[in-house]
Amino acid sequence: MDSTTVIFIVTIVVAFIFLRWLITPIPQDSDFPNISSGNTGTVAAGSSASGRATSRGSMSVTRRNGRQVNDSMVEVVQTIAPNLTVEQIRFDLENTGSVEVTIDRYMELGTLPFPPGYVPPTPAPEPSSNAEGEEKKKSKEAEKESINLFKKYNIDVNNPILDSDDIVKNRRNEMIFNARKRMAASLQKQNNPN
């Protein structure tokens, strides 16, 4: 064979192997069994220096789902939930191993649990006079009044627009009405626990 033919065949084989490696699926969380012992933060006993387990029964995972928490995962969650501390985010990511699950949990609960033994920092109270305190209360009340979505989006509660021309506005109005109904129901449930 000619040397160019051999080089061409070797290049094709290497490209095939590389592409095959590139498109292999990433193992899902269900592929890794959970560690039965309570040491989720340490390497399992009996593992080699390279991090692979020597026996089939003990897997070497540093987190419950086999993923280490890195700063980019924390940043993604923090962009969606800026009011959470890094410790809250890291603790939940260590427990779930997934950014998606952590964000879903935040959306459901509105917050995330603190790690055990962690004391959240309390902001130092600012010394202020009564006049300043009253002004702050008034400004907070004004902010609460300005958040009314019906006024913000010019929605008439008694006469909703049902034109088929603007589907997006109708959908938005419907979402606002439904959210208002859910909030009223939850407030009524809190006030009348029967």
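Placement of Cβ uses the backbone N, Cα and C atoms for every residue, glycine included.
Now, the feature entries from TrEMBL:
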{"type": "TRANSMEM", "residues": "6-23", "note": "transmembrane segment"}
{"type": "COMPBIAS", "residues": "41-60", "note": "compositional bias 'Low complexity'"}
{"type": "REGION", "residues": "41-66", "note": "region 'Disordered'"}
{"type": "DOMAIN", "residues": "69-111", "note": "domain 'CUE'"}
{"type": "COMPBIAS", "residues": "114-126", "note": "compositional bias 'Pro residues'"}
{"type": "REGION", "residues": "114-143", "note": "region 'Disordered'"}
{"type": "COMPBIAS", "residues": "133-143", "note": "compositional bias 'Basic and acidic residues'"}
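Across all of the domain 'CUE' (69-111), the predicted model scores a mean pLDDT of 89. Assigned with DSSP, the residues of the domain 'CUE' (69-111) fall into helix, strand and coil as follows: 32 helix, 0 strand, 11 coil.
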